[in-house]
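**Q** Let me give you the structure first, and then I'll get to my questions.
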Amino acid sequence: MGSEKEQSPEQHLPEEGERGNKPWRVDDSKVPDGEKEPGQANLSEAPQGPSPEEPTQEVAVSAAEPEDLSAHRRPEVDEKPFVCVQCGKTFNNTSNLRTHQRIHTGEKPYQCSECGKSFSRSSNRIRHERIHLEEKHYKCPNCEQSFRRHADLTTHQQDHLGRRPFRCDLCGKSFGQSSALAVHYRTHLEPAPYICCECGKSFSNSSSFGVHHRTHTGERPYECTECGRTFSDISNFGAHQRTHRGEKPYRCTACGKHFSRSSNLIRHQKTHRGEQAGRESS
């Protein structure tokens, strides 16, 4: 019958702009047609009525269920309501829009911890960092371990000797090089600008913050091709790969035992110092 609830679907289409009041949403009608992607034409400009090839299909939608109407129309219209104000390109979510806008702003927030090169996308930074895993020009004369930087080789050689003579008087942490101590010391003096919004912990550089933030997100972008195990940071990923190759480059000069990680060697060498202290006291 002709009740007031039985109205044509066109009377209940949501008006443009009703999807939210976010500042990056722009009325599609204000975007020049030449700058829209295919499928972005206004509904008001779409051909009315059925096409000659397709039969007319009646769809009954209740006025009390507008969400059902929205779900019904979604497959018919490729909605991309987020528009770049610089070039007019459209996107279906704010994340893709923000990533695109870095092309215009030149922003590159993702920095390589090895060489300092910056990238606009996290995925590009991760792909770049894998290159450094293959670049190891500095070889230790005491073992088969090679390093990407001369500073890393120098620090490694201190591990062979079991020495970390440079100690921070504020927290007690020790380092094999004075330059490493100087870098560390600045973390006590300078404010840490990178603050985690999840737990409030602060960091002095974006690389350390990125590694920490993955503990909250669960992101583990480094995957071992041998066993499929994943890691959140590149250093643990590299150490894990040595287990597949059987590499144990860290050698104890006191007993000749080898280790795959420098931290394990340092822990082991403390047992020798404890034995020596016991003999001297007896």
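Cβ coordinates are placed from backbone N, Cα and C, and glycine is handled just like the others.
Residues or ranges marked as region 'Disordered' in Swiss-Prot: 1-75. If you look up Swiss-Prot, you'll see 1-38 marked as compositional bias 'Basic and acidic residues'. Taken from Swiss-Prot, the feature phosphoserine applies to Ser8, Ser44. The SUMO2 cross-link annotation in Swiss-Prot covers Lys80. If you look up Swiss-Prot, you'll see 82-104, 110-132, 138-160, 166-188, 194-216, 222-244, 250-272 marked as zinc finger.
What's the neighbourhood like for these features in this structure?
**A** Under 8 Å from some Cβ of the zinc finger (110-132) lie the Cβ atoms of residues 99, 102-103, 148-149, 205-207, 210, 221-222, 234, all in the same chain and six or more residues away from its ends.
Using DSSP to sort the residues of the zinc finger (138-160) gives these counts of helix, strand and coil: 11 helix, 4 strand, 8 coil.
Note on the zinc finger (166-188): its mean pLDDT in the predicted model is 78.
Among residues of the same chain six or more beyond the zinc finger (194-216), those with a C-beta under 8 A of the stretch's C-beta atoms are 109-113, 122, 186-187, 232-233.
Within the same chain, residues 113, 126, 129-130, 132-133, 211, 214-215, 260-261 sit at least 6 positions outside the zinc finger (222-244) and bring their C-beta atoms closer than 8 Å to a C-beta of that stretch.
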**Q** Is it possible to list how many residues within the zinc finger (222-244) are helical, extended or coil according to DSSP?
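**A** Taking the zinc finger (222-244) as a whole: 11 helix, 4 strand, 8 coil.
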**Q** So which residues does the zinc finger (138-160) touch in its own chain, when a touch means Cβ under 8 Å and the partner is 6 or more beyond its ends?
**A** 114, 132, 175-177, 179-180, 247, 249-251, 253, 258, 262, 265-266
